[in-house]
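Pulled from Swiss-Prot, these are the features on record:
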{"type": "DOMAIN", "residues": "1-48", "note": "domain 'ClpX-type ZB'"}
{"type": "BINDING", "residues": "CYS7, CYS10, CYS29, CYS32", "note": "Zn(2+) binding site"}
{"type": "BINDING", "residues": "PRO113, THR114, GLY115, SER116, GLY117, LYS118, THR119, LEU120", "note": "ATP binding site"}
Amino acid sequence: MAKILYCSFCGKSQQEVKNIISGRDGNICNECVSKCAEKIRSTGSTSAEDISFEKLPKPVEIKKYLDDYIIGQDNAKKVLSVAVYNHYKRITSNLTKDDDTELKKSNVLLIGPTGSGKTLFAQTLAKLLNVPFAIADATTLTEAGYVGDDVENIIVRLLQNADFDVAKAQKGIIYIDEIDKIARKSESTSITRDVSGEGVQQALLKLIEGTVSSVPPKGGRKHPNQDMIQVDTSDILFICGGAFAGIEKVIKHRMDKVSIGFNSDVIQQKNSLDSDKLMQKIESEDLTRFGLIPELIGRLPIVTVLNELKEEDLVRILTEPKNALIKQYIKLFKFDNVNIEFTDQALVEIAKKAITKKTGARGLRTILENVLLEVMFHIPSSEDIEKVIINDKVILEQQEPILATKTQQQKQLKDII
């Protein structure tokens, strides 16, 4: 006589239910399987609700937060604050489905020179909103089937940063850097394949607009019979950034064409515009002439320009933000019970050096690391040094920093080596 099976969860026998599945240490009936599935589904939905936008910061609050970490770029801050607020407001609106009006998402295009803060903007916004964040380099992307990263691998990175919580990843932010580097070479469509240019732009279209993307859990190429994770990109905010070097000529050419005939005074005015003011005049047709396809431009409706950072901006970046570089080095030296001090003129010379190298804010850390290398190497082994002073001669003439001992004597670095 066959042994009667009982469900380990509800206790019902196999005669009382449709089916019972046996495992190594227990059994489960079809009714309990349904209840478990429902429980998992409801738990999954709460995971999506973990990112609650009921207390979403208002644009003014978002800008205030950006002010704490980013110097200058006021117009870009306002544009991004409104864009981010509207994006996440749109998500909650679409969830409620009060009416048939569906709000389309507005992805962002940031245009600005190297080191102007494009990546920092995206990182800071993700930190404020506590959403997963991923960075991709457009120059490494290729169309599916070619050597390089598939565009869908961007989603894999976001998933990894969300600890593979799909619901959280679907509310995240993706920053695609160097989008200008995948511009097609000419306005006319090429009959040859352009796997790292127009082809990548085409591949990005659906992803940025919103699609259900099937991605391999560990990235890489897709293979037959491979388990895939389904990720809906409809609510992911895409921020694309690029320097668009040389686009000023495209803008100027368009403006000069408009200002012909009797408008010679207007032409003169256009010619005298500096680079920053000229960039503020950018329009969609300029981006098309530069090499972005119109369809991609249409999916990046919010365009904002970041100005090139001036000397005074870089000095402020060194000292003012919450995580300013100088504050970071002060903290590092404190671990060795040493104070470090930078003179005002030293900060100016560091800023000038970054401008000369055309690296913007991005190059400030490299300059400081080079200046402080020997000090950071030897100071931990010297117990009597209390203070390090960096003046302009250390930056300009590569002189050794001034070292002060606990007895207020001054030493040179060579004295403690």
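Cβ coordinates are placed from backbone N, Cα and C, and glycine is handled just like the others.
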Work out how many Å separate LEU120 (ATP binding site) and CYS10 (Zn(2+) binding site) at their Cα atoms, rounded off. 54
In sequence order, which same-chain residues at least six apart have a C-beta under 8 angstroms from CYS7 (Zn(2+) binding site)? SER13, VAL17, ILE20, ASN27, ILE28, CYS29, GLU31, CYS32
Near PRO113 (ATP binding site), which residues of its own chain have a C-beta under 8 A away, given they sit six or more steps off in sequence? ALA243, ALA245, LEU306, GLU308, LYS358, GLY360
Can you tell me which of the binding-site residues THR114, SER116, GLY117 is spatially closest to CYS10 (Zn(2+) binding site)? Compare CA atoms only. GLY117
For THR119 (ATP binding site), which residues in the same chain are close in space, meaning a Cβ under 8 Å from its Cβ, but six or more apart along the sequence? ILE135, TYR175, ASP177, GLY241
Based on Cβ atoms within 10 Å, give me the single least packed residue among the binding-site residues CYS32, GLY115, GLY117, LYS118. CYS32
Determine which residues of the same chain, besides CYS7, CYS10, CYS29, CYS32, have their CB within 8 A of the center of the CB atoms at the recorded Zn(2+) site, and list them by sequence. SER8, PHE9, GLY11, LYS12, VAL17, ILE20, ASN27, ILE28, ASN30, GLU31, VAL33
Indicate the candidate from THR114, SER116 with the smallest number of other Cβ atoms within 10 Å of its Cβ, considering only these binding-site residues. THR114
According to DSSP, does LEU120 (ATP binding site) fall in a helix, a strand, or coil? helix
The correct three-state DSSP answer for CYS29 (Zn(2+) binding site) is strand
